[in-house]
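Okay, so here's the structure we're looking at.
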Amino acid sequence: MKVYACLCAAVVMLVMTSRVSEARSTGAPLSACRDMMPQHNATAQTSPPPYTITTDAQSVAPGDSVEVVIAGKLPEDTLRGYLLQARQGDDILGTFSLEDGDVFSQLINCGKPGNAVTHKKHDNKEDKRQVRVRWSPPQGLTGEVVFRATIVKTLKVFWVGVQSAPIKIVS
């Protein structure tokens, strides 16, 4: 009877643990699309982020794309997770695409398919030093956009609203 009770307790613990593990690191929830706040039960950092968001061009035309890179400033500044969008004011614009074989990132729908990109579930040993994606503006867009991100270093250490320099949309 004691063996049965121990076995039941072990199964209950396994189920509870797997649910907790399953709820983490699967990418940004859709509820984060507008305010970009992860559901980590922690407050965003107010210190300058140890990450940069850069592009391979200062302008892009509809029909073309630009590479966007999120990178740590130092080797120890790895990314455990992120949510990246192109914004003009509060509008989330354009479409992202991933490099072939990218096992870290996934496209999500923040109002339109592929207009945001986030991380996939992964082991902490697979945190990244940098992430590379491509972004294409929609037809008819003019003005400038910035790339805005939430970047997660650990579950409780993350920055919201990290921004790139603006890029110009040209026709």
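Including glycine, each Cβ sits where the backbone N, Cα and C put it.
Annotation source Swiss-Prot lists disulfide bond at Cys33-Cys110, citing sequence analysis. Cβ environment of Cys110 (disulfide bond): Leu30, Cys33, Arg34, Gln85, Ile92, Ala116 lie under 8 Å away, each six or more residues apart in the same chain.
Here Swiss-Prot flags 24-171 as domain 'Reelin', drawing on sequence analysis. Summarised as a single figure, the pLDDT of the domain 'Reelin' (24-171) averages 91.
In this chain, no residue six or more apart from Asn41 (N-linked glycosylation site) has a CB-CB distance below 8 Å. Swiss-Prot lists Asn41 with the feature N-linked glycosylation site, giving sequence analysis as the kind of evidence.
Look at Swiss-Prot and you will find 1-23 tagged as signal peptide, backed by sequence analysis.
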Helix-strand-coil residue split for the domain 'Reelin' (24-171), DSSP-based: 6 helix, 68 strand, 74 coil
